[in-house]
Structures are given as C-alpha cells and as structure tokens.
C-alpha cells in the first residue's frame, strides 16, 4: 500500500492534528519526519483536548503505531513530559517507535538558541527558543548527538566535548555566559538512556517492511510549507523541511512509495513570529478572527497574526509539494461575515503578480489584491455533507479549490473529531 503525506500548506497551525487524527483510524503508522517540539497541534477526542508538541497525532489512536523518524530532533525531557501526561489520562503510549538516528536537543542547544535571540534583539527571527535551530546546525556541522549515542558513553562523551569546544567560546566570549561542563551534559543525557531504550528502533527498516506488507503509512509534517528552510519565506523559517520531500529524507522511505500528498489549508491565514504576511489584518477583522478561531500558539502561547485567505501561497504550496488534495479547516470561523475577501494576486511596484515572487524583497513589498466573496450567517458546525453547507459557504469552498490548484477533499466545520465533512476519501 503506498504512503500518504499530510502537511501544512501555509505558515503552520493549519489544523494538521485534526486531519491526522481523522485519518488515524484508517492508517497503520503515523510518522513525524521533521521538526521537534517547536510544532504544536491540538487534537479533540470527545470532550477531551490533547495538546501535542513532539509526539505524532496517531498516538491517540490505539490501532496505530506512532513513529518519530530520523529527521526529527528530540528533547528527551519534553518527550517524557508528553508521554507522562498521556499516560495519566489513560492513553497507551507503548507502541511508540523512535529512530535511533534522530538527533537529540541538548541543554546547550537550548541555551545557545535563547541567548542568540536575546542578543539579536529587534533583528531576531522569532524562534521558539527550544533549541531546534542549533540542533539542526549541529547535525549539518557533524557534531550532533544522536539517540543511538546514548548507548556508548565513550562516543557520547567525545561528541559532547567536540560540540562544546566552539559553543563555550561563543558563550563566554560573545554572550558573557558561563562555560558549560561536558561531564554534566553527558550525565544528564545518560539518565534518559534506559527509559528511551524500549522505543528505539530501526524505523527505516520498520516503515519499508510495513509498506511491503501493504500497511498504510501516513507521514505527518510539522509547521508549514512557507516555513520550509528551502522553500519558505527565508530567513523567517524553521530549520527543517516540512514540505513533501522532507517526508522521504526524514523517514528513509523513497518517493516512489508515496501516492498522495494532502495539504492542510486554514479557511483564512495565520502566522506566528516575524516575517512577511501580505494579507495580515491589523484591524477589528483580524482581532475577530483571532478571537473566534482561538488563534494562540499551542507551543509558544503567542497570539497568532491573522489575515484573509491567500490563494497565491496556496498555489505555491500545491506546486512545491505536488499536492493531490486539500483538507480545508476552520471554515466555521468565517460564519457571520457578509463579505469575505480572498487574496487572488499581489501588487508589487505597480504590477499585478499572480505567483509567489522569487525575490525576498518583492515579497516584502507585496500588497494583496482581493476578490470579495459573499459570506453566510448560518451555523455550519452540524453539517455532515457538502450539501448541508449554506450555498455561499459551498461557493467559498469551490472558489478556494479553483484558485489553489487541487481538489478540497475534506472540510473542518468545528474543532471536534466528528465535525468534519469528507467529500473524497483520502485512502
């Protein structure tokens, strides 16, 4: 059975947790392939709400095996905090698998992240301060610590000492901080080894064997397309590849085994942190979207910046991911607006531009060109089929579908697990 990829088609926070959870009952494995605990997703099951940061959403589905792939960076303290929280609420987490090749977020990675952002001041990127970027930097610089290193104290010590050589120079001579003792770091990391061991596996082998055995594997991206280190609004991006290509490198599953790529689109647009955002609303409409949509970051606790739907970035997401379908979320939030503007193109230096500009400078100068679509006032949270939606809501969905370049196969009409309209089956 071929694999599916599910990813954010905007700047993250699109509702991937809801979408993954919806599919969880139909898949055998759910795989996180990049990012770390900088990605937050909320899943509502019955009257229970679960806020996950590192664990795959599939951990809430008993029949599913959740997997943390080699492309993820893992903070063991956060991992065990999430596992403990789920265990206390009666969730069985014993099926979790973690790649031994996944890199560990060390205490010094977190320290470097925080002091760097503080040092940059107004020029800061707006990271979550959780050590994600420095951990990926260590990975690329080949001084990273992998989970498998916890089981060879000699290698672990050598790697920590090598990594701290440069970092202590930075901390003491640039940031006026104390040097970090390698021995203390090694001691702390070794405390996680025994508890991690039951979860550690050769996940590349596990996933490929599962696909050979006709199991259904769902790859779950964190963040969103416009936060991709290569294809996002650089430098205001994350440090990994949430786009579809990252599913392959972050899991060890080849591209020919992926048959469907599903993009999650919010019915409007949000962004957390710094960076360009052409449709951002700094008025009462933006505040209303934030309030009605509950737009506060699961991981950061920061208010999200809100704006109207941007079809230009949706088309871009379709292109760079090879999207086959969209899952549209939070359509219910738009109930009550008489007119709903949709950005169909940009104006840049007096010219109409219908595709995402290649130039960072041009994108910073982009002004949205809107088309107004009629709104609706009816409550849509009880809708079970597309035809149950008000005519104007149907027209809004079809307009977004046409502008974005891929069919909308499911629609979220509320936060609950059952508040979803499935138009076309994903599996």
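The backbone N, Cα and C atoms fix where each Cβ goes, and this holds for glycine too.
These numbers come from a predicted model, not from an experiment.
Over in Swiss-Prot, the protein carries these features:
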type     : residues                                                : note
ACT_SITE : 13                                                      : active site, proton acceptor
ACT_SITE : 41                                                      : active site, proton donor
BINDING  : 12-18, 40-42, 304, 330-332, 412-414                     : GTP binding site
BINDING  : 13, 40                                                  : Mg(2+) binding site
BINDING  : 13, 14, 15, 16, 38, 39, 40, 41, 128, 142, 223, 238, 302 : IMP binding site
BINDING  : 298, 299, 300, 301, 302, 303, 304                       : substrate binding site
* **Rounded Cα separation (Å) that holds between residue 13 (active site, proton acceptor) and residue 304 (substrate binding site)** => 9
* Structure fact -> DSSP output for residue 331 (GTP binding site) maps to helix
* Asked: When the number of other CB atoms within 10 A of each residue's CB is tallied over all shown chains, which of the recorded positions 13, 303 has the maximum?
  -> 13
* To do: Between residue 38 (IMP binding site) and residue 15 (GTP binding site), find the distance joining the two CA atoms and give it rounded to the nearest Å.
  => 15
* Of all the binding-site residues given, namely 12, 15, 42, 413, which is spatially nearest to residue 223 (IMP binding site) at the Cα level? -> 12
* To do: Could you say whether, by DSSP, residue 15 (GTP binding site) belongs to a helix, a strand or a coil region?
  => coil
* Fewest other Cβ atoms within 10 Å: which of the binding-site residues 38, 42, 223 wins that one? Let me know. => 42
* For residue 303 (substrate binding site), the one of 15, 18, 331 that lies nearest, given that the binding-site residues are compared by Cα -> 15
* Sequence order is fine: just name those binding-site residues in 12, 15, 18, 42, 331, 413 with a Cα within 10 angstroms of residue 302 (IMP binding site). => none
* In three-state DSSP terms, the structure that residue 303 (substrate binding site) belongs to -> strand
* Within 10 Å of the Cβ of residue 15 (GTP binding site), how many other Cβ atoms can you find? Include all protein chains, please. => 21
* Counting every protein chain present, what is the number of Cβ atoms, excluding its own, within 10 Å of the Cβ of residue 304 (substrate binding site)? -> 22
* Would you count the other C-beta atoms found within 10 angstroms of the C-beta of residue 18 (GTP binding site) for me? => 25
